[in-house]
Amino acid sequence: MKNGISDKDPRFKIAQREAWIGVILVIINFVWWFGFAYGMGSESVESYTYIFGLPAWFFFSCVGGFVLMVILVILAVKLLFKEVPFDDETEGTR
Amino acid sequence: MNWAVIIPLLLFLVIIFIIGFWASTYLKSSSSFLQEYFLGGRQLGGFILAMTMTATYGSASSFIGGPGAAYTQGLGWVLLSMAQLATGYFVLMILGKKFAIVTRKYKAITLVDFLKERYQSKWVVLLSAASIIIFLFSAMAAQWVGGARLIESLTGLSYTSALFIFAVSVLIYVIIGGFRAVALTDAVQGTVMFFGTLILLVATIIAGGGISNIVSDLTAENPNLITPYGFDGGLTPLYVSSFWILVGVGVVGLPQITVRAMSYKNAKSMHRAIIIGTIVIGFIMLGMHLIGVFARPILPGIEVGDTVMPLLAMEVLPAWLAGLVLAAPMAAIMSTVDSLLLLVSSAVVKDIYLNYIKPDASNQTVKNMSFGVTTILGVLVFLMALSPPDLIIWLNLFSFGGLEAAFIWPVVMGLYWRTGNKYGAISSMIVGVGSYILFHLYFPNPFGVHTVVLPIILSLVAFIVGSLVGKQRITESVKVA
């Protein structure tokens, strides 16, 4: 017990797990963004390839990274996140 | 005056007013004035929550300064701005359910309430309330100047009248409607920002003759514009990556964002908000900055970056549609300013007045105080923005990073590290803000990373060391007793 927050509250286990999912997602996001941008973008401009008119590094890193993150976020929320009640009073009634 | 541009803007302001008045009816029926006025009764649904977070975060810099920088720097700046995609999901996931549950238990209405209950320390409260008041007041004044300049450039009115129109529009709905009015108008403003971006992006691509055409024009002008390194190769991977701290994960520490993470109704709202927020913020940031780069072949030779977005809208769109699109930066500024105003007001009324000056104030007194303080703050900002004092401009430079350095660890570690205590929190805040200001003055961008990075690391160290040393003191004093 610390200032009224019980460590045993099972809702906090769920909350903690979801916070870690947030950290993992941001790491994936960063690695993907960095990898494509500086992996493909550091070549000379003459050897760039283009997708939908955009340089490939930019398309994968920024456009692709955006779409990827939206998909991952939707999957994480739908499959891994759990609904818990927030108010203590309603805890027993659900 | 260009009436075709002004009429859509006026219409937008009228809609915002109507929402403000409608939201104020909730204040009369609510049983807890403070909770309703400063937190909207913790009743926000998923869509409103996502929009109010996005709109509060997206400010003048996303719509005016950002596209201007992208115009100069090329695709490298769009890459940098995409660090902000993380804010869409990261803040709500990290603070998440734990913050929602704990703040309800504490009956916290402000971020400072949470810190007060968690650390049980008067100094934590005073330091954090002071940082909020000083930094956010300056940030607000800077945004007002931006809002007034925008109206000035669009309508041809004088700066003073433009500022007056802007001030009155924002003040009325914030004062009468409180948080609910702010959140609901944010939802409208966020929607305007989203569609404004979409319309302008499509129109710009068409005006430039398609993406391939624009990109080959850019390459012909300066091949660096389509590399990740900026127009002169000056954007290093390390520097660009360090923006993930400033405008990505560090946003967890911004009080105007954090307070929103205690305002939602239930887990379902939070889940929806994470998904909608990621889509909306990602689209706005990608779209707006891409617009800035694409503007280059269409309007070459613009000197002042801040004028790129308004000039482009007038160039590629019919006047009435340009008016609608230019309501977007207007919306971005208003939605940031309204949240800051209410937050500063809550710091004065709830965190200082009710905590230390008059804890037993009656409901009616609190109500009058809240309206009164919000009004006085509004008038003060107006006066500041008329001719901004140097001190305000100087403080505004620190506000974003300074608040992050002050609050990120006391909030995050306070939630997830049980040993964290008031000694850690106080040292973390002092070290964070102090070192940020010192680095900014004497050693900007140390080792090629953004100035904010080291202070955030130092404040983490201070939090851990302070908490561990403080813990010994606490146990020793218990032994003595």
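Using the three backbone atoms N, Cα and C, a Cβ is placed for every residue, glycine included.
Those TrEMBL annotations? Automatic predictions, nothing curated.
Annotated transmembrane segment per TrEMBL: B:6-23 (among others), in sequence order.
Among the features that TrEMBL reports, transmembrane segment is placed at B:44-64 (among others).
The transmembrane segment annotation in TrEMBL covers B:76-95 (among others).
Annotation comment: TrEMBL describes B:123-145 (among others) as transmembrane segment.
Among the features that TrEMBL reports, transmembrane segment is placed at B:157-179 (among others).
The feature transmembrane segment is assigned by TrEMBL to B:191-215 (among others).
Using a Cβ-Cβ cut-off under 8 Å and counting only residues 6 or more beyond its ends in the same chain, the transmembrane segment (B:235-254) has close neighbours at 57, 73, 76-77, 79-81, 83-87, 90-91, 94-95, 228-229, 400-401, 403-409, 411-412, 445, 447-450, 452-453, 456. Here TrEMBL flags B:235-254 (among others) as transmembrane segment.
Among the features that TrEMBL reports, transmembrane segment is placed at B:274-299 (among others).
TrEMBL lists B:319-344 (among others) with the feature transmembrane segment.
Per TrEMBL, the feature transmembrane segment maps to B:365-386 (among others).
Long-range contacts of the transmembrane segment (B:392-416) within the same chain: residues 94-95, 98-99, 102, 111, 114-115, 118-119, 124, 127-128, 131-132, 134-139, 141-142, 246, 250-255, 258, 384, 424-425, 428-429, 432-433, 435-437, 440, 451-452, 455-456, 459-460, 463-464, 467, each at least 6 residues beyond the stretch ends and with a Cβ under 8 Å from a Cβ of the stretch. If you look up TrEMBL, you'll see B:392-416 (among others) marked as transmembrane segment.
Feature annotation from TrEMBL assigns transmembrane segment to B:423-443 (among others).
With a threshold of 8 Å between CB atoms, the same-chain residues lying at least 6 positions outside the transmembrane segment (B:191-215) that come near it are 12, 51, 54-55, 58, 63, 226, 280, 283-284, 287-288, 290-291, 294-295, 297-298, 309, 312-313, 315-317, 321, 324-329, 331-332. Highest Cβ pair count under 8 Å relative to the transmembrane segment (B:319-344), across stretches B:76-95, B:123-145, B:365-386: B:123-145. In this chain, the transmembrane segment (B:365-386) touches the transmembrane segment (B:123-145); three or more CB pairs sit within less than 8 A of each other, excluding pairs fewer than 6 residues apart.
Most Cβ pairs within less than 8 Å of the transmembrane segment (B:76-95), among stretches B:44-64, B:157-179, B:274-299, B:365-386, B:423-443, belong to B:274-299. The transmembrane segment (B:44-64) makes no contact with the transmembrane segment (B:365-386): fewer than 3 of their CB pairs lie within 8 A, with pairs spaced 6 or more apart in sequence. Scored by C-beta pairs under 8 angstroms, the transmembrane segment (B:365-386) has its highest count with B:157-179, from the stretches B:157-179, B:274-299, B:423-443.
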